[in-house]
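Participant: One structure follows; several queries about it will come next.
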Amino acid sequence: MSGPNRTYSFGEGDDGLAHPSSRTHAMHSQYDDVSPISDGARMNPMNGQGMDHGLASVLEDGRQGWGRSPEPSPSLLTGSSATPGMDNLGPGAVGGGISGIALSVANSHDRLSGVEALMGTDGQEANIPAERGLSTTGSDNPYVPEPPEYRYSYGSNIALGAAAAPAGQLTPGQSVSHLSSTNPSQRNLYDIPYQDVGGLNAGPYQRHSAYSSNDLPVDINPDEIVDDGDDGFVPAPNSGSGARKSQAIPAAAGGAAAGGVLGNLGGLFGGKSAADTSYGPVPGAGLEAGEKGRWVKPKPGGGNKKRGWIVGAILAFIIIGAIVGGAVGGTIGHRGNEEPSSASSASSSSTQTATEDTSVNGDLDKNSAEIKALMNNKNLHKVFPGIDYTPWGVQYPLCLKYPPSQNNVTRDMAVLTQLTNNVRLYGTDCNQTEMVLHAIDKLEIKDMKIWLGVWIDSNETTSRRQIDQLYKIIDDAKDISIFNGAIVGNEALYRAGSDKTSAQTTLINYMQEVKDHFKKKNIDLPVATSDLGDNWDATLVQAADVVMANVHPFFGGIPVDQAAAWTWRFWQDHNVALTKGTNKKQIISEVGWPSGGGNDCGQGANCPNDTAGAVAGVDELNKFMEDWVCQALDNGTDYFWFEAFDEPWKIVYNTGKENWEDKWGLMDSARNLKPGLKIPDCGGKTAT
């Protein structure tokens, strides 16, 4: 994920698909182990109305093998249709991208889509967009319980996905090592992000080791950071918001800020400054390049423009310092020196720089005591088809001064190999892909595959650097079979704002260039892109070899007991349906749930209480995994879980009561499984 709340529309769009209600569904009697949920009506937490639920079942149109065939249950829809709204990354987020912070990060930027999408259409009923598949019942969904009423969905925040921390460029040859507490690259901007600090609430677990100290973070002067001028950043003016009480600088923009460059955030690929009018209850403020921020209603009269720029400049300066410190802290040795739960780490008792790590521990491999301990965690199960991953410290250009640690990547891969056989990267900067390949080689992992990531930015310099590095990686690879494909861009269309048409053309051109290079080199690898589920249309489907959609029920304000069903239903109706009549594969490229930090009620509105909507927490994360993971494994749903490890530096993107940006991992930054969290074992079945 990448950016504040991403939205998903239920519009027909250019795909020309018929309204869901017009489809005839044939049920199949499969997976009889899917049991019905409670008898009787369930209360809709959003409106208090009773909702009848039936059993999970399957549709014939491309949904084979998705459950048993119970009697169709009545529609769960009511007379209202909630519409959340935003998502991720700004063009400032340079190359490589980090896994992402979480949605609230981009609250300062409009979702770039608005209520205008509803204008000029004939709603099926009051306040319900005609393009929505409102008549589809939950009986066609293999997950239990069934989905709630249709509503606009969100994607991951800037915090999530690539937006989290834009990754950087190829790192000069450096020896592998650890990160030290005296090195800025080893420290988080805030030493104790999980403890109560001001408005920041403690997470489900406390900080350890390097993070538990009370030392002040190392100051970093952004003027000392190398910059190639390709990462523009400017904070959004502080607009009055009826939809959000707090706003945050987008993760991608924040990453760009690390370079110390202030610039106008135009639409992706030179997009216009007009806000996207596709979705959302309130028109945007025209910052299409911003992350997936919630809708921000402009102040009447426009406010004082000059004062706004002054305040913006000051805020930008502050954010630059924060992001620089936070991003640099991405390579914290905390990961390398903590012992994993149920596994004893044999080395790394103190934080070290990358070079010091190698000097002390050597180039870690499968025979290293520390690695053996990490690879023997009985609480981890290989039940995820894929996991989104970005190594720490790969923000460009910070990685040029504070190189990431090879040993830390090796440690991460030792853990990831117990969860999945498939890892997705977001960019090529800072040697991140090469480090992952080296780790796989040292660990002698034979069944791990990689989806290569290429960060596409509004600045051609960034995109060019990323693509050229992809070519080098492919050309230098000893064995191409380790790669599953290349993902060119993450949520590029979302970040394009209202100028999606030209952005799509540019994106498709980049994809075609990569395809041509592969063909020239006789490389048979699929080329795709990942974006919000509702940003896909027939044109993009035709250009991509694989349809990859980021779908986050949390940002849609979906109660966790309905989240799994909602996710599958949304994906089926908006993405799988687009591939009907083709042989193209569909993958959910990001899906997950935060382990703490508040709750989200969608629509850009404040929650009435702390239990409304989607609640972040370990119990809720367990519930979502319980409803999603094993059933997805049984029915063959292909997806990437977001994400394996927390990224504490992202605390800088937490705002008000939305403190989940740094809490999307199954494990903390030290690779400890979070207290109380249980990864399903699915009866011993594993992902292949």
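Backbone N, Cα and C atoms are what each Cβ position is placed from, and that goes for glycine too.
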Participant: Swiss-Prot lists region 'Disordered' for one of the ranges 169-194, 221-246; which is that range?
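Facilitator: Result: 169-194 is the stretch Swiss-Prot calls region 'Disordered'.
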Participant: Would you mind giving the whole-number mean pLDDT across the topological domain 'Cytoplasmic' (1-307)?
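Facilitator: Here the mean pLDDT over the topological domain 'Cytoplasmic' (1-307) amounts to 35.
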Participant: Starting from the Cβ of E491 (active site, proton donor), draw a 10 Å sphere and report how many other Cβ atoms land inside it.
Facilitator: 37
Participant: Including all protein chains shown, what's the count of other C-beta atoms within 10 A of the C-beta of E590 (active site, nucleophile)?
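Facilitator: Counting Cβ neighbours of E590 (active site, nucleophile) within 10 Å gives 34.
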Participant: In whole Å, how far is E491 (active site, proton donor) from E590 (active site, nucleophile) when you measure between their Cα atoms?
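Facilitator: E491 (active site, proton donor) has its Cα 11 Å from the Cα of E590 (active site, nucleophile).
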